[in-house]
Each structure stands twice: as C-alpha cells, then as structure tokens.
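Here the structure comes first, spelled out in structure tokens, and everything after it is commentary.
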Amino acid sequence: MEQVYWVIFGVLAFIVGCLVLTQAKEGGLVSGAGSQLQAFFALRNNYVFVYALMMAGDWLQGPYVYALYQHYGYDVKDIGRLFIAGFGSSMIFGTVVGSLADKHGRKKAALLYVVTYAASCATKHSPDYGVLMIGRLLGGIATSLLFSAFESWLVAEHFSRGFDEKWLGDTFSKAVFVGNGLMAILAGLVASYLVDSLKLGPVAPFDAAILVLLAGGAVIYATWPENYGDHAHAAEGVVDVLRRQFAVAFGAIIGDQRIALLGAMQSLFEASMYTFVFLWTPALAPAGEKIYHGMVFACFMTASMAGSSLSGILMKRYKVETYMKYVFGLSAMALAVPFLFHVNIADQPSSDSHRRTLLAAELAAGKEVVRGLSLQGQMQLVAFCVFEVLVGVFWPSMMTMRARFIPEETRSTIINVFRIPLNFFVCVVLYNVHLFPLSSMFALCATFLAIACLLQIRLERLIRAGPPPGAAPAKSAPAEEENPLLAGTAEKA
C-alpha cells in the first residue's frame with residue numbers, strides 16, 4: 001500500500017489527538033457545577049449515544065449499497081435510478097413526513113426513522129428491482145427524519161430544561177465526533193469483516209444495521225420524553241396540519257432574512273458535499289489508478305473528527321457567525337483544486353497520448369501495470385481531506401446557528417424545507433453527471449461554496465445589527481456584543 005495514505009492518516013490522527021487534548025485543557029464549552037450541570041451531562045450523553053447508534057446504522061450500509069446492486073446484476077444506469085429515487089423521496093415524501101414531527105412529536109418521528117430505515121434494510125434481501133426501489137424510497141424518508149427529528153428533539157429538550165445555549169455546541173460537536181467519525185470508521189471495519197472475512201455476502205451489513213437501529217430505538221423508547229413544536233390546533237387533520245405548518249415555515253423564512261440565509265447556506269454546502277461524495281473516486285483516479293478506498297475513507301473520517309473537535313474549540317473562543325465565512329471560503333478553495341488541475345492538464349494535450357504509449361510499452365514487455373496515485377492525485381487527496389475537516393466544523397456550527405434562529409414550533413418543518421433544493425440539485429447531478437467533465441462539476445461546487453461564504457458575511461452583519469422588526473429573537477443574547485471574536489473567553493477571566 002502506498003505510503004501517502006499512511007502519512008496523511010497519521011498526520012490527521014495526530015491533529016485529532018492534539019485537538020482533543022486542547023479541548024480537555026481548556027475545559028470545553030461547558031463550565032460550572034451543581035445539579036443542573038449533571039442534568040445536562042445526562043442529556044448530552046444520552047443523545048450522543050443514541051445519535052451514534054443511529055449513524056452507525058447508516059454508516060454500516062454505505063460501503064456496500066452500490067456493491068449489492070452490482071451483485072444483483074444491475075448496471076450503472078439502473079443503479080443511478082435507484083439513487084435518484086432515494087434523493088427524490090427525501091425531497092418529496094421525507095419533507096412531508098419530517099414536517100409532521102412538529103405536530104405529532106419528535107420522539108415518535110425518531111422511532112419512525114428506526115422502523116423506516118430498518119424496513120429499507122430488509123428490502124435488500126430481494127434482488128427484485130421493484131422491491132429495491134421501495135427500499136430506496138423508504139431510505140429517503142428515513143434520511144429526512146434523521147437530519148431533522150433528532151436535532152429538533154434535542155434543541156427543544158435542551159431549552160425546556162433551562163440549559164445555556166452555548167452548551168448545545170458541546171453536544172453537537174461531540175455527537176458529530178462520535179457519530180460521524182468514530183462510528184463511521186468502526187462501521188466500515190465491521191461491514192468489511194462481515195463481507196470479506198466471514199463471507200456472509202453484501203447483504204450482511206444491512207442486517208447488522210437493522211440490529212443497531214433497533215437497539216437505538218429501544219433506548220429512545222425507554223429514555224426519551226416526548227416534545228412538540230406545535231401545541232395548538234390539536235383537532236386539525238393531517239392535510240390541514242401540513243398546510244398550516246408549511247405556511248408558517250415559509251412565512252418565517254420569507255419574513256426573517258437570517259433564517260433564509262441559513263437555509264441557503266445549508267443547501268449550498270450540503271449539495272456540494274453530496275456531489276463530492278459521488279465524484280471523489282474518479283477525481284483521484286482519472287486514468288484508472290489503483291485507489292485503496294478503505295484507507296481513503298479512514299482518512300476522510302479522521303479528518304471529519306478533527307473538524308468536529310476543532311468546532312468545539314472555535315465555539316468556545318469565537319461566535320459561530322464570525323468564523324463560518326472562513327469555513328465556506330476554505331471549502332471553496334479545497335474543491336476548486338480538481339478544476340485547477342484540469343486547467344493544467346488541458347495545457348498539455350500530449351499527456352494522454354504519452355501515457356497510453358507508456359502503458360502499451362509496459363504491457364508489451366509483460367509487466368503488470370498497476371498505477372498508484374499520481375502527484376496530482378495525492379495533492380487532490382490532501383485537498384479533499386481539508387474539505388472533510390471543514391465538513392466536521394460545519395455540522396455542529398450550523399446546528400448551533402439553527403438552534404438559535406429557527407422558531408421552535410416549526411423547527412422540523414423548516415429544516416426539511418431547507419433540504420428540498422439540495423435534494424433536487426443532487427438528483428439533477430446524478431441524472432446528468434455523464435454529460436459534464438469532472439472539473440466542471442467541482443468548479444460548480446466551489447462556486448456554490450463561495451456564494452455561501454458571501455451569504456455568511458451578510459448573515460454576520462444582520463446579526464450585529466439585531467433582529468428585524470417582527471422577527472423571532474435569538475435564543476439568548478451574547479454577553480460579548482462589543483467584541484464578537486472574543487465570545488466565549490469571558491469564562492476564563
């Protein structure tokens with residue numbers, strides 16, 4: 001295996017260790033003593049544990065979804081339709097189902113996620129295309145619930161118990177560190193062991209995911225109290241509820257520019273992130289170079305862990321809105337690297353023919369041609385790891401800003417509305433990815449992230465100016481208003 005993977009992984013692991021030690025030394029976002037602090041730790045640890053199980057159920061499936069469809073004999077076009085169905089389902093059905101959580105309860109929505117995703121995993125036992133399509137539709141609904149119901153439940157529970165708003169950042173950063181980092185690596189190892197070592201076949205990880213999801217569902221059922229966003233209008237039917245929920249949600253988005261900017265930035269960033277997921281493999285191996293996907297995945301997840309650890313330090317030292325513009329800007333620069341390399345390659349039209357000549361000569365000499373990562377591929381891998389670090393910063397930071405500005409009564413609805421444009425964009429990309437060169441797709445992603453950077457600058461100015469007339473106030477007023485870059489340092493004095 002090429003040394004570059006181990007070097008990058010080692011550097012990232014060292015950075016994670018340093019960040020974790022820094023967090024421990026500085027004490028994190030949470031300080032104080034007494035029964036309230038103990039109650040917060042109990043809520044935080046419970047949520048992180050549940051979130052980790054839910055994400056493990058998701059990560060167990062990831063490495064073998066495409067492989068399973070290939071195992072059943074479907075070609076790229078058929079598999080592409082299945083993926084499009086999943087994102088389309090999340091955009092349409094998931095938005096509706098997720099929005100009902102505000103009315104009928106976030107705990108119920110979390111349990112519905114468990115049931116829906118477990119059912120989606122169960123469909124993988126059938127090679128029938130129609131059954132697999134049903135599984136993708138169920139998976140799309142589950143994804144919307146995963147990214148709205150759990151966060152909405154936590155935010156409502158956090159504020160109902162009177163905890164400090166800053167403490168939410170601690171919960172989110174630890175949830176992302178464990179759920180999107182440790183669980184991702186562990187799930188990848190378990191899935192590989194089930195398929196490659198035990199020879200149980202590509203459906204085994206999905207069965208393991210069902211067990212993990214059911215275990216998490218049992219914890220939710222036994223330990224989570226129910227909370228709601230909308231306590232009124234109890235006699236309304238489902239259609240009336242949805243009509244009113246979406247009317248209120250769109251009214252909040254239109255009436256408060258801060259919420260609209262949050263939604264736009266989330267859609268732009270996540271659309272770029274999901275597009276990157278589909279494109280990083282061909283970007284690293286444009287000429288069929290051999291890639292160790294497991295090591296690349298481990299590097300990405302370790303980078304994400306570094307980002308989530310870094311977010312905890314940043315939120316303690318600064319206000320979220322002051323550093324997020326740098327997160328978006330650096331993300332744009334990282335995903336622009338493949339486009340820039342394409343420009344350099346285009347200036348050397350003879351490079352492709354020269355490479356083909358060398359390959360033909362080696363084949364004629366009887367040599368086994370196994371190309372590792374090129375220098376450009378290695379530099380792109382570093383850039384992609386930088387992007388994953390920023391993804392790790394993005395999630396807890398964006399969750400914290402959403403908790404501050406999105407109205408409680410329609411939180412799940414608004415979060416799901418934010419996901420409509422990103423799901424639509426991903427569907428368009430999947431359907432047309434073969435029509436555009438990779439460099440153009442990465443340039444588009446970089447442009448989206450640059451726009452998000454400009455929107456974040458606008459949001460920062462709006463926050464400094466105060467809420468507009470009639471807008472919902474922020475959950476808590478920061479004490480360090482005169483010097484936002486020093487927010488969070490007052491506790492050290």
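Positions of Cβ are set from backbone N, Cα and C atoms, glycine also.
TrEMBL labels come from automatic prediction, so no person has curated them.
Here's what TrEMBL has on this protein:
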REGION    468-493  region 'Disordered'
TRANSMEM  6-24  transmembrane segment
TRANSMEM  45-62  transmembrane segment
TRANSMEM  82-101  transmembrane segment
TRANSMEM  134-155  transmembrane segment
TRANSMEM  175-194  transmembrane segment
TRANSMEM  206-224  transmembrane segment
TRANSMEM  268-285  transmembrane segment
TRANSMEM  291-314  transmembrane segment
TRANSMEM  326-345  transmembrane segment
TRANSMEM  381-401  transmembrane segment
TRANSMEM  413-433  transmembrane segment
TRANSMEM  439-457  transmembrane segment
Legend entry - Same-chain residues near the transmembrane segment (45-62), Cβ under 8 Å, at least 6 residues beyond its ends: 110, 113-114, 117, 121, 146, 150, 154, 171, 174-175, 178-180, 182-184, 186-188, 190-191, 205-206, 208-210, 212-213, 215-216, 219-220, 223-224
Inset, instruction - Determine whether the transmembrane segment (326-345) and the transmembrane segment (268-285) share at least three Cβ pairs under 8 Å, counting only pairs 6 or more apart in sequence. - result: yes
Legend entry - Top partner of the transmembrane segment (134-155) among 291-314, 381-401, 413-433 - counted as Cβ pairs under 8 Å: 413-433
Legend entry - Sequence-remote partners of the transmembrane segment (439-457) [C-beta within less than 8 Å, at least six residues beyond its ends]: 261, 264-265, 268-269, 271-272, 275-276, 279, 283, 321, 324-325, 328-329, 331-333, 335-339, 341-343, 429, 433
Legend entry - Proximity of the transmembrane segment (268-285) to the transmembrane segment (413-433), 3+ C-beta pairs under 8 angstroms: yes
Inset, instruction - Could you check if the transmembrane segment (175-194) is in contact with the transmembrane segment (6-24), meaning 3+ Cβ pairs under 8 Å among residue pairs at least 6 apart in sequence? - result: no
Legend entry - Stretch-level contact, the transmembrane segment (413-433) and the transmembrane segment (82-101), CB cutoff 8 A, at least 3 pairs: yes
Legend entry - Long-range neighbours of the transmembrane segment (291-314), counting only residues six or more past its ends (CB under 8 A): 1-2, 5-6, 8-9, 12-13, 15-16, 19-20, 22-23, 26, 28-29, 63, 169-170, 172-174, 176-177, 180-182, 184-185, 188, 192, 280-281, 284-285, 320, 323, 373, 381, 384-386, 388-397
